[in-house]
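Among the features that Swiss-Prot reports, [4Fe-4S] cluster binding site is placed at 441, 447, 487, 491. Per Swiss-Prot, siroheme binding site is recorded for 491, and the stated evidence type is sequence analysis.
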């Protein structure tokens, strides 16, 4: 036995990791994620969930939040915070039909505090500001159109991402089908979701209800992608498990498997760090689900259940050794990884505007700043997408860059859809390449973890960066992958950017430099806890040097490493804090 839990302590490969965290007790006692959520739903004295249920609703795809802009004012009035939930839908590969879109648009308008739909870096949508009386209605509305939110949060395999490449339609379809298969294979088998939210029949549970995840589920969240090179829009190195598509003559034949990526860290704790995924090797298609289960169960058994800050797969690999972890996966899957097939990641951005696929269909990628679909003054974006949904015969594809593709448009419908997009501010040639390559997480006012602004901070900050680029004579193609995240948990994927800002306190950020265009290098902290004004001053100096000293076609991140402005992070555990 390579692992055991005795006397509330965990031992892995002979090493005692310590006393189990309280989250392990919570999961053990939850009766396969049921807890007392149903009783909490009936309690209208508070708008929130209590005790363990605050954590358990995450496994059902929700986070309890409140509006931090009005928290102090409510406290003065002796009111509790305005508790509500954010829901993240399970949409493997990010494909949604026009009919589904119209239903979620209607729900967001009628039953959420903010009236918006938020496209996220997890290639799905989020509802923000749903009050307790509307939560069950929300789940039942989604269920009526074939959508759920099982396992989009919590210690489980989250929403499976898939490269959105509308040009390679046949290959994309194959990859998308695998994303769906992997999602279903790794999904919790508990009936708790249906019982609580869909008024399903109560069933007796047994120990083997969760053959892959186990009764206590995973030590920490787990993220999976299917990616088609050379496009790395899903950012493989932000994820625990990645299947890199290998094709011959346009047909998918297998995957290279990358394990152990992740970006979250904790300020001041050098045992936490962002980390690239390791390449385990190549597998044929028929072994995909076996390998997925083997990686997940190895992490289930070997991941740290004592310290949640060190519980993710990336830390397990660094603790036990990549070769040891890989050998265990081979043993459990009954395979031997072959040598990785050649591939290269060259880009991550979405191709904004129209492209034609090899199937003759047209695809329109709409740039949605920060993924926030809302009707702004003079730019009714949310209404615009709804109007397109009313006449669109194809589907929509949400991207991991928080944009939206109107996919599968016939030649006869193209002009009508473009007209609607332009009328509602969804197409704008004035959007710079810099803005298209900038991204932020939600942060304030809804995220309880946010230490600084991100989504609300980004638009003006990008305008300021555009001014700096222009000042130094750089043209529109000379842009920088720029990302802002309001805390070190990494939702905005700043730790794979050329310039990454990580929130430290209101108005203050850590400035990281040295990532690259393809998303294959982790940036390193350049300045700590500085203000927006100081950040812009630093960027001004750095961009000035880049403009004058760069090699032909040298991107900003590569330049900062080459000239020694920042040291390259090769092995995160060794280099990130060095």
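Each Cβ is built from the backbone N, Cα and C atoms, and glycine gets one as well.
Listed in chain order, the residues near the [4Fe-4S] cluster site other than 441, 447, 487, 491 are 442, 443, 449, 450, 454, 485, 486, 489, 490, 492, 503, each with its Cβ within 8 Å of the site Cβ centroid. A sphere of 10 angstroms centred on the C-beta of residue 487 ([4Fe-4S] cluster binding site) encloses 23 other C-beta atoms. Comparing the binding-site residues 441, 447, 491 by how many other C-beta atoms lie within 10 angstroms of each C-beta, the top residue is 441.
DSSP assigns residue 447 ([4Fe-4S] cluster binding site) to coil in the three-state reduction, placing it in neither a helix nor a strand.
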